[in-house]
Amino acid sequence: MIRYTFFAAIILVILSGCKEQVESPDKIDSYPVILPDYVGVTIPASIAPLNFTFENEKFEKIDVAIKGKKSGEIHIQDKEVAQFPIKDWSNLLEANKGSEITVTVSLKSDGKWRQHKAFSIYISEFPIDYGLAYRLIAPGYEVYSKMGIYQRDLSSFDQKAIYENTMVPGSCVNCHAFNQNDPATMSLHVRGEHGATMLQIDGKMELYKTKTDSTIASCVYPYWHPSGDYIAYSVNQTKQGFHERHNERIEVFDEASDVVVYDVKKNQLLTSSLLKTDNFETFPVFSPDGRTLYFCSSKKFDIQSGYQNIKYSLCKISFDPETGNFGSVIDTIISSETTGKSISFPRPSFDGKYLMYTQSDYGNFSIWHKEADLYLLNLLDGTSRRMDEVNSDDTESFHDWSSNSRWFVFSSRRGDGLYTRPYIASIDNEGNISKPFLLPQKDPRYYDTSLYSFNVPEFIKAPVDVNARELEKKLLSKERIQMQLR
Amino acid sequence: MIKLLKQFNWLLSLLFGVAVFLFFAFYYQYHLHYQEQLQLFLFTPYYWSDLMSRPGGLADYLGTFFTQFYYYSWSGALIISILLVLLQLGIKKLCNVWADRSLIILPFTFVPSIIIWGILCDENYLLSALIAVLLPLGAALLHLKIKSPVFRIIYIFLALPLLYWLSGGVFWIFGLLCILSEWLYFKQLTKFQWGILFVIVIGCILLPPYVASIFIQYPLRRLWWGISYHRYPVVSPYPLLALWSSIIIIPLLFAFIKGKISRVKNVTFLSTSGIIMVSLFAFFMVKNLADWQKEEIMAYDYYIRTQDWQKIIRMANHKDPNTPLSVTCLNLALSKDGSMGNSMFRYYQNGPEGLLPTFQRDFTSPLMSGEVYYHLGFLNTSMRYAFEAMEALPDYKKSSRAMLRIAEINLLNGEYKVAEKYLKILQHTLFYSKQAEQMLECLGNEQKINANPQWSLLKKYRMKDDFLFSENEKDQMLGLLFVNNQSNKMAFEYLIAYTLLTKDLDHFVQYFPLGKNLGYKEIPAHYQEALLFYWINTGHDVSSLPWSIDPAVVQNYINFAKALASGANVNALSGGFSQTYWYYLQFAGGDPLNYSQNPIY
């Protein structure tokens, strides 16, 4: 007995030696400047641990004590980064759903501890979708290297490749889209010698050739109709220009663009003379009830001399899902002539309350516009506002709603000015928007070393199940279903 | 000699190593510099885990680790020579065990090393291809040390899949070498054990690539061949089959004839003949596989990268550059040397493509032409070219050189956050960390940036007003750049050179006066030639020349015109006039100039 007690005492001494007590720290009356900035953010209870570190402060040891307002606590110490055990973290968030946790950070340097003012992280009552699907690609010009479409489980750090272009060398993969975040109905596009548009509905994969003799280009920017029977596309003759002034890089513009809707069951592309004009029409999306098609439209200008005049308005046209017919009138919801700005990526929330869009000075490829910000159109009262809660001095661009319309993910270049990172924020019943948080990574320094941009982050309700070998085989075969124009 | 070899048979290995070292250090060094810049080895856990997450990961990791030492040609050459000697020693060991310690065999143990030496002369075969064969060979030699047959079978069972992950597609030679060792050396296995061994070897060779294909998104063909042996993923590296098979065939061949070898009496003659044969094989192998034209272009590339303009001009004086990229490098060197207007037509010119090559979606041309844009002050275009070159690398290895340039331009552009990102990555390299540290100190510090004369100049030259760069209107781009800063002499000279190379003399005459405040003491020779030609061929008289043209130039032109009028052809004129602009106008760079007025000749 004495021997056991002795061993137990030794083990206790060893264990206690693992975590040093933060004794008599110097109190600092400010919040810590942590990387990523998670101070005061609102998160879903199922999110992976918000691991963090300090970018500009040197320290020998970091001590983080987290206490739930309702119950539970976590205490960790490390030399470089604060990394929380997933299970403990998950239990803590679950126990404090609808409440908050308080994070106290202490740093030790030169043998002395200093303690920052404790900050809160709010745990939303609203759940978030299973994960995100995004493309990882270097923010390049015309040439592309290794890239792929990946899925990330939001409750852990697990990232899996859905499809990587290493499978068919020289190919480019983009335009992944899911029907209201349901991966059972999805599409993606592969460009290159073996290019095709892949549709996978309830596990059945088909490859399509979307360019027809009567349309100006292949179908891009897909958006599924809520019924799953249609996909809205635009067909764009896209070109790139390269800025020579030092703080600009790339301009992507369309020389021509139209909007079409693909009838999945009848293999027919539907269009209307109103959507196929000399003007530019692009970025079509369906309303949640499937009876309205929103899109962006701009007058045509000469690219070289007048590219800065190309400004897109937000428009809509009615759509009849029963017949596949379009209305006879186009309504301009937000006119570029009124705002003097250009709209891209309209995305209605699934509850029908809002439509989020990106606004920049001109053009439609807002990711290369530092002034691009997110805006929120209230569809119930028609008012629109800049989302200052989430915007930054740098680019905000693509965005997507969670299934319950309580969360949205958006891409931003605020981190380093070039490499796009995904941020998530919440919106409550009254339209209040929380401070966004960067998608957490196991090592919080990940984004500083990654040479990939997170492109087109989309929520997914469940894991995406694409057989990459089957896709490879189908891509390498010549078999394609030709889309037909009605 | 043979006595000497008997006592010191390692001497041949040493001599071979020295030969390899001398070749790569002094005759083929620019290939090494070229390879070094097309990868980015990082001392980080991420880099390790990224490469180790796929078959052949360790060979790839070690390959890129050692390739970074190509930064200095001598260290790169030393590494290659050591690895080739290790391969030879491995083969020698196998021959000793399977056959005999005969001096007749010794020269032939060099054959696989010579084959890979020749293969490595192709810049797209990577060092990992060599390391990948050393791993299974080393494992096969370890197999010889295990005395128990059962343990040997267990070892093979465990090592084969592991070797697939470590060395990639070549892992199968380990299985084959082990079977042959069992058959030729150990001779201990029972029939049952042989059965087990065959099942294990066949299973462990067939299964790993298929299993890997479930988790790794590469074509099955590449999982069989190996991912990292060749820079291009679409290339099946067939020449490596010669190497792989030689590793098995050479020892096997001597194992079969070891009885005959032991009975040979004239060992001295046969071994000397063997040495001569293998030496000749090495000579012809390397002679035929080394690409000296590429080596020359890579030399030009190396010297524009290191900004050794005089070296480039000396190279051109020694041998006229005749490829578009080497002409591009020479023109840049002439411009930086201040002798473009006087000398550019003394060398071969291939038109405007030799001045500012059209953008190519590859990893070589943009790196070189990006240097021209950098020195001109087209910083964004230079950065774009560097980025594109880095992204175009088919093995996704990134490029240390390109990343340094991208970081530098972001620093000059005031994009400090993204510059910092690249520089912090470069801090994890061996040979670029110092430059990265120096640049990091400049972040946000304009005073420090401006203290660098080249940076200070480039910041003055870069565009202040925006426009979209047009590949098809390079003269307009150069004009805009010069108008942006009229002290940018290089922009002026490139603009003038562009008009001369495109034979656009109307614009040449229009732009020529823009250079009057650029400090020319006299009109450069080629400009004089062009002005004189234009003046005379637009119906004017020599006596009314509005420019100060050297009378010798006028006389030279009269001689040229007379010779041409008398029917002299390109060969007849090349002796006296090939270094004039008129000769270029008439015979080079596309169609001769066709003026509406009849020329005087």
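Every residue gets a Cβ built from N, Cα and C, even glycine.
Per TrEMBL, the feature transmembrane segment maps to B:12-30, B:69-91, B:103-120, B:126-146, B:153-186, B:192-216, B:237-257, B:269-286.
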**Item:** Distant-in-sequence neighbours of the transmembrane segment (B:103-120), which means Cβ under 8 A and at least six residues beyond its ends
**Value:** 2, 5-6, 9, 12, 16, 20, 23, 80, 84-85, 87-88, 91-92, 95, 127, 129-130, 133, 239-240, 242-243, 246-247, 250, 254, 261, 264, 267, 270-271, 274-275, 277-278, 281-282, 285-286, 288-289
**Item:** Highest-contact recorded stretch vs the transmembrane segment (B:269-286), from B:12-30, B:126-146, B:237-257, CB pairs under 8 Å
**Value:** B:12-30
**Request:** Return the stretch with the most CB pairs under 8 A relative to the transmembrane segment (B:69-91), choosing among B:12-30, B:126-146, B:153-186.
**Result:** B:12-30
**Request:** Could you tell me whether the transmembrane segment (B:237-257) and the transmembrane segment (B:192-216) are in contact, taking contact to mean 3+ Cβ pairs under 8 Å with a sequence separation of 6 or more?
**Result:** no
**Asked** Would the transmembrane segment (B:126-146) count as touching the transmembrane segment (B:153-186), if touching means at least three Cβ pairs under 8 Å and pairs must be 6 or more apart in sequence?
**Response** yes
**Prompt:** Which sequence positions outside the transmembrane segment (B:12-30), separated from its termini by at least 6 residues, show Cβ-Cβ distances below 8 Å to it?
**Reply:** 5, 73-74, 76-78, 80-82, 84-85, 88-89, 92, 106-107, 110, 113, 117, 121, 275, 282, 286, 290, 295-296, 298-299, 301-302
